Structures are given as structure tokens and as C-alpha cells.
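For reference, Swiss-Prot has these:
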type	residues	note
BINDING	Ser112, Leu113, Leu114, Pro115	(6S)-5,6,7,8-tetrahydrofolate binding site
Amino acid sequence: MRVVFFGTPEFALPSLQILLQPQSPFEVVGLVCQPDRPQGRGQKVLPPPTKILAQAHGIPVWQPGRLRRDPEVLAALEALAADVFVVVAYGQILPPAVLQMPKLGCINVHASLLPAYRGAAPIQWAIANGETETGVTTMLMDEGMDTGAILLQAKLPIEPEQTGLELASQLAQRGAELLVETLVKLEKGELTPIPQDDSRATYAPLLKKQDFQLDWQRPAQALHNQIRAFSPDCFTGLQGQRIKIVRSAAPQLHPPPAELPPGSPGEVVGLARGEGVYVATGEGSLLIRRAQLPGRKEQSACDLVNGGQLRVGMRFEVLPDP
């Protein structure tokens, strides 16, 4: 089976790797990914992980800025005469002309149990919304945003303290396995695409800076879900500085001691030896385990207490201009 792979970030790597395994029945004849972009604090221009892997295997790579407006790339894709296009976190919408090219269609690996969490950030929003289960879906792509007919699905539990990055790693691996199963069954004609029930659709929009700001008026559980979903990017104000809250503890697993004072939302109300600090919220108190001060490396909350940067009575606050 001749495959063109569309994918860019780390999440796409396991799917590309499994197609490239020795004795694989699949022949990857091309990779399409996003252009090299500045990354990290140094803003060094780096290639996508999928590009590095493809080039190591001698696979041709295309990196159009706008696929639908690049006639040379479109012509090259047509000339490859692929049986199927596989799309895993590519980062662009495939135009109708591309969707119609491969004989068996375009197969997408999406990190949710569609029709739930259509969109760009399904992993993070599932955690932020307090879901206890998610999964991966392979679907036959159409012109809509994650609206194609479902081929196969696999469920995974979301653990109470699991972060978005941790869950993404699991889903990427499970998605790769499901992709192989999908392609094998598709070639044999053993799959019946099932249309999605649009009435049950929910959405996972692209993340914005405001999504990372912590509002201590919210309940402890909601804040914990937000912190782990978007880790390590959630932030709050502390004495005029912007501080990142990297890790918290699940309230149901680490309830505050009965003698802990209630405090006002955002106030550091107690210490947990070897664990962190308790912060009052709109409903209950939340145990904060790890944080990061401006210009510093991530530290345990206990180290911040020992260093005098954090103490009982201090108050986290919403920043006016995140």
C-alpha cells in the first residue's frame, strides 16, 4: 500500500514510525509537514520531528506554507499515485482536490472519541473539562473539520493527575496502533464507515493565552484540571510577578486537612510538608506542588517556601493583562 503521510509534531511520530517499521506492508512515498519554524526560548529555526525521521529514511518531504495554494506540491502529490493519504496532526486543512487524490481516501487519526472534541486541542480540553475517559478515532476525511465518517475507535482512561503531555504520549502510541489496524482492514474491505452524529458534537478550539490564566474564584477541582491540561503553561500573579503553576494535586486524592483555615480565593493558607502549599479557591483548597518564577527553572513549591519566595498569607491574583 502506497502511503503519503501528512503530519508535523511529536504526536505524529509514532504513526509515521510504525508505518516505517521493517517488514511493514506499507510504503511511505512522501511526507507533507509544516515549514521549519522558530522554537523555544532561543527561537532557533528547527525542522518538524516528522521531517527528521522521513529524511533519515530517504523519503521526499514537502513543506508548503499554504497547501491549497501551492500548485507544485499538489502536482507532486498527484504524481505519487498513492493508495491512501494518512493525516496525523498536520496543521492545515486539506483542500477538496487533495481529498480526492488517493484511491482509498484520506485517513485521519484524531485524539478524541468523535464526535466529541472536534478541533485543534482535543486532549487538553478533555482534561480541562474533567473527563475521565477519552480515546482515538480513525476517520475517513471529508471537507469539514473532523466531521468525517468513523472507521475505528479505541478508548483510554484519563487518570486524576495525568497532564496533557502525558496523555498525548499515550494517545499518540495508541493512535499509531489503531492506524495500522485501520489501513489493513481498509485494504481488505472490512470496514464500514459510520457517519458521525452531529447532534452529539462538542468542540476543542485552538488554545489562547487567556485559557492559561488561573482564576482562583473557580473550584479547586476545576483549577486542578486546568493546570494539568495545559501544563506547564498555566500562570497567575504573585506580588506583581507572573508565576507559572506547573503541578497540582487532585483534590479527591489529597484533600486539605480539616484544621486548614478557609482563606480567601488565591491565598496560601497552609503548608504540606514534603508536598507543597495549599491555596484557597472558590470551592475548597488546592495543593500546589510545582511552580516556576520568572527567569527561573521549575521548582517544587516546598523549595520556594524554603527560599522565602512563597509563604502562608501570600495571595495569588488574576493578572489584568495576560
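Using N, Cα and C of the backbone, Cβ positions are placed for all residues, glycine too.
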Can you count the other CB atoms that lie within 10 A of the CB of Leu113 ((6S)-5,6,7,8-tetrahydrofolate binding site)? 20
Taking all protein chains shown into account, the Cβ-based neighbour count within 10 Å for Ser112 ((6S)-5,6,7,8-tetrahydrofolate binding site) is 24
An 8 Å radius from the center of the Ser112, Leu113, Leu114, Pro115 Cβ atoms defines the neighbourhood of the (6S)-5,6,7,8-tetrahydrofolate site; name the other residues of that chain inside it, in order. His110, Ala116, Tyr117, Arg118, Pro122, Gly135, Thr137, Asp146, Ile150, Gln153, Gln196
Name the residues of the same chain, 6+ apart in sequence, whose Cβ is under 8 Å from the Cβ of Leu114 ((6S)-5,6,7,8-tetrahydrofolate binding site)? Thr137, Met139, Asp146, Ile150, Gln153, Gln196
Output, ordered by sequence, the same-chain residues six or more apart from Pro115 ((6S)-5,6,7,8-tetrahydrofolate binding site) with a CB under 8 Å from its CB, or 'none'. Asp146, Thr147, Gln196, Asp197, Asp198, Arg200, Ala201, Thr202
